[in-house]
Amino acid sequence: MKFYLVGGAVRDMLLGITPKDKDWVVVGATEDEMLANGFIKIAANFPVFIHPQTKQEYALARSEKKTASGYHGFEVNFSKYITLEDDLKRRDLTINSIAIDQNNKVIDPFNGQADLQNRILRHTSIAFIEDPLRVVRLARFKAQLSNFNFSIAQEMLALIKELVKTGELNHLTRERLHIEFVKALNNPKIFFTTLKELEALKIIFPNISCFLPLIPNKSFFENPIYKGSNINEKITLCLLKIPQQQLDDIRKEFLLTNKHYKLLKASIAISKILEDRSITAEEIFQLIKNANIIRDKNLFAESLNLYKKYLKICDTITPHRNYQLLQTTINTIKNASIDSLTIKTIPKDKLRNTLKQLKL
């Protein structure tokens, strides 16, 4: 059996990036032989193994044949007679179809190194269009590698636009799209605009297609403050200007977790309260209550700090109200034990006056 380093790790190394993970392909081996050599199988129906010492992933070389719609519709062959080139040929892009053998020799049957040097994203074979997920992965790679300014090969653009017309993208699951979105958080604006260029955005993320101008520009995501944020924060910073009434649709579209949703909802409420000149005292009260930032002090602190972070990155927005007064207002509402009542039923006491001050 022979072992080859493959895929993203090789691509990143050739670009001068330290790879986060290393994946290996094994040629000339069977599942039983892998187990006999101490490898640990990690998938019941798929011959992928963990190395007993390095804990890195090793997969048997395979070929694929399209048999049905969607990205699950493939017949996979793991025969020990599958060659390295067979395995590399099934991969999506030439830059991901490069291998390094145990003697550190680069094996590049599809000229991926030339495409790396020329910053071109190109399909390895016509089989690219057999898997609709690869359209989303292409946009994600463009976002992930945004520092290198890759462009998409013209012949590939034409190929993808034909694929979009077939309806294959409708078979993608929200779970898989969520994973790709999170991986694209390096620069989601590039991710979305690339999908739009591929005529796929309206199909995959129809709500974002309507609100694409509200996603910050590319330079926003290149800011060190954004880059140093965690995933929850990046999702909120990306979607902060989406209208409050669209949040439930956005939540379904991206399959956001409860934590993502609560932080996003609270941050959008704070943004609207502090920036909107025309908002009424009643609307302020409802936003504060509905965002659950009265009861949850940690949520309020986290979302307010995140909004401040957004302002630092933008460096062009000046809130019309101050943070301290917002905190005072929330404390006043909490102490008044208001729940189902609206502000219109509240006498002109400290609560109403504080809300009116905040409105001003």
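Quick reminder: no glycine exception, Cβ is built from N, Cα and C everywhere.
Feature annotations, reproduced from Swiss-Prot:
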type	residues	note
BINDING	G8, R11, R91, R137, R140	CTP binding site
BINDING	G8, R11, R91, R137, R140	ATP binding site
BINDING	D21, D23	Mg(2+) binding site
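Across the fold, the C-alpha of R137 (CTP binding site) and the C-alpha of D21 (Mg(2+) binding site) stand 18 Å from each other. In sequence order, G7, D92, L93, I95, N96, F141 are the residues of the same chain, not among G8, R11, R91, R137, R140, whose CB sits within 8 A of the CB centroid for the ATP site. Cα spacing between R11 (CTP binding site) and D21 (Mg(2+) binding site): 12 Å, rounded to the nearest whole number. One residue stands out among the binding-site residues D21, D23 for having the most other Cβ atoms within 10 Å of its Cβ: D23.
Between the CA atoms of R91 (CTP binding site) and D23 (Mg(2+) binding site) there is a gap of 13 Å, rounded to the nearest whole number.
Taking only the Cα positions, the spacing between G8 (CTP binding site) and D23 (Mg(2+) binding site) is 8 angstrom. Taking a C-beta cut-off of under 8 angstroms and a sequence separation of 6 or more, R140 (CTP binding site) has the following same-chain neighbours: E180, K183, A184, F191. For R137 (CTP binding site), the number of other Cβ atoms no farther than 10 Å from its own Cβ, over all displayed protein chains, is 20.
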